[in-house]
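For 1-20, the entry in TrEMBL reads signal peptide. As annotated by TrEMBL, domain 'TM7S3/TM198-like' applies to 4-176. The transmembrane segment feature in TrEMBL is assigned to 30-52, 59-75, 87-108, 115-137, 157-177.
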Amino acid sequence: MGSVGLVFGGFLTWLFLTLAEPKAGYPHGPVVYLVSMIGAGLATAVVSMFFWKLTLPGLGGLAGTMLGFYIWLWKDDHVLSNLLARVFVACGVGVVLFVLTYLVEALIVVWSTSFLGGFFVVLGLDVLLHTGLLQGIRALFNVNPYSHIHYHVDNKVYGMLAATLAMMVFSIIWQCIRYRGHRFGMVLVPNV
């Protein structure tokens, strides 16, 4: 849970910093990004480790929210053109998977870790390869009048999105084979 918290805190901080960046940029921009992302990521990781019974369903919620992002990245106009609609749909899918974590915990945890792992690895590769996928994430919630983000879906972006699916499927198969018969942390006991 700590590694999920670290990645989640760092990614969310990066997203907020890029969306709120002033026209002239931050003074000492790389330092601001690095220190903020590491600090927020470590704080989220510590909270996730100590309160894992609460953050385990949050894993499903995070995966649901990122699933919404992932679906919207397949088109230039992000499928939903209204910003509030995107936020509400992402929150709705996140809440559904949050609740499903209590009902079918093992399945949701396996799917969530597979999807998040594949998605974040591909986003990390995009930092190096510059295919344009990260611009899609930034453009999803862009309300900064100084930031004009152009997102165009081409074959490179489709390749990155397909790589996410391939990594997710491979990870699900591997986890099902590796952890057959194991359960995770929460056990619901029926009232008798």
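Each Cβ is built from the backbone N, Cα and C atoms, and glycine gets one as well.
No curator has checked TrEMBL annotations; they are predicted automatically.
In summary, the transmembrane segment (157-177) lies against the transmembrane segment (59-75): three or more C-beta pairs, each 6 or more positions apart in sequence, are under 8 Å. When Cβ-Cβ distances below 8 Å are used as the criterion, the transmembrane segment (30-52) is approached by residues 1-10, 12-14, 17, 58, 185 of the same chain, each at least six residues removed from its ends.
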